[in-house]
Amino acid sequence: MADVLKLDGIRKSYNVGTPVETEVLHGIDLTMQRGDFLALMGPSGSGKSTLLNIIGLLDRPTGGRLLINGEDTGQLSDSALTHLRGHAIGFVFQYHYLISAFTARENVMMPMLVDRGRPDAAMEKRADELLDRVGLSRWRNNSATNMSGGQQQRVAVARALAMDPDLVLADEPTGNLDTKSANDVFELMRQINRERGTTFLLVTHNDDLAERCDRIVRVVDGKIAG
C-alpha cells in the first residue's frame, strides 16, 4: 500500500524572543498508509498540537521531511502547500466551527467554494450526498444552530470529506460530546474509513476510543514513546 503520510526525523524549534531555541519535537518518525485509522495520544504539552499543525501543513518543521502522497512538502511554496492542504487533507475539530448563519448544506459546501469560488449544482449534489452519508439528509436546510451537538459534528465530518481528501485529521472530535454522541461520531468515521479507504489520524484522550483504532501512537516530551 502507498504511504499517505510519512514523517522522517521531524523536528520543531521555537525562538521566543531570546537567542536560545527551544526544541519541542525531537526527530519524529511516523508512516501512515491508505486506509489506516490511527490514534495519537499524549499528555498536554507533549507536542501533539505542534505535530498536528505540521502534519496539517499549517506550520513548517525546523528539520526533517514530511511527505504527503510521496510529495516532499518541504520543497513546496506557501501557495502550493495551501493547495495541497485544501485537496489532500480534511479537518475535524473538537468544536465543529460551523458557520452559524449557514445551513448544513452550505457549511459542507464551504471547502468547495473556497477552492472554486462560485456555487454550482455539482457542489450542491456533492454536499447532499455527504449529508446523506452522515445521516442528515432531513436536516440539510437546517441552520447550524438548529441542530444537536452530535448532528453538528456529523456536519463537520461531512465538510471534512467535501474535497475527497486522502487524510482526515480529527483533533478531539468527540471531546465536546456526550458518551452516546461521541460513540456515534467515532463509528461514523470508522465506517467511512472502511468504505472509502480514507486515512484517519485521531487525536484523543479517550482510552476506549483509542483502543478501537488500528494503532495507537503516543507522544511524550516531543518524541514517539515506545
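Any Cβ shown, glycine's included, is placed from N, Cα and C.
Swiss-Prot has this to say about the protein:
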- Gly42, Pro43, Ser44, Gly45, Ser46, Gly47, Lys48, Ser49: ATP binding site (BINDING)
- 5-225: domain 'ABC transporter' (DOMAIN)
Identify, in sequence order, the residues in the chain of Gly42 (ATP binding site) that are 6 or more apart from it along the sequence and have a CB within less than 8 Å of its CB; answer 'none' if there are none.
Lys48, Arg218, Val219, Val220, Ala225
Have a look around Ser49 (ATP binding site) and count the other CB atoms within 10 A of its CB, chains all included.
16
Here are the binding-site residues: Pro43, Ser44, Gly45, Gly47. Which has the lowest count of other Cβ atoms within 10 Å?
Ser44
Minimum Cβ neighbour count within 10 Å among the binding-site residues Ser46, Lys48: which residue?
Ser46
Note the Cβ centroid of Gly42, Pro43, Ser44, Gly45, Ser46, Gly47, Lys48, Ser49, the recorded ATP site, then list each other residue of that chain whose Cβ lies within 8 Å of it, in sequence.
Val219
Along the domain 'ABC transporter' (5-225), what average pLDDT does this model show?
91
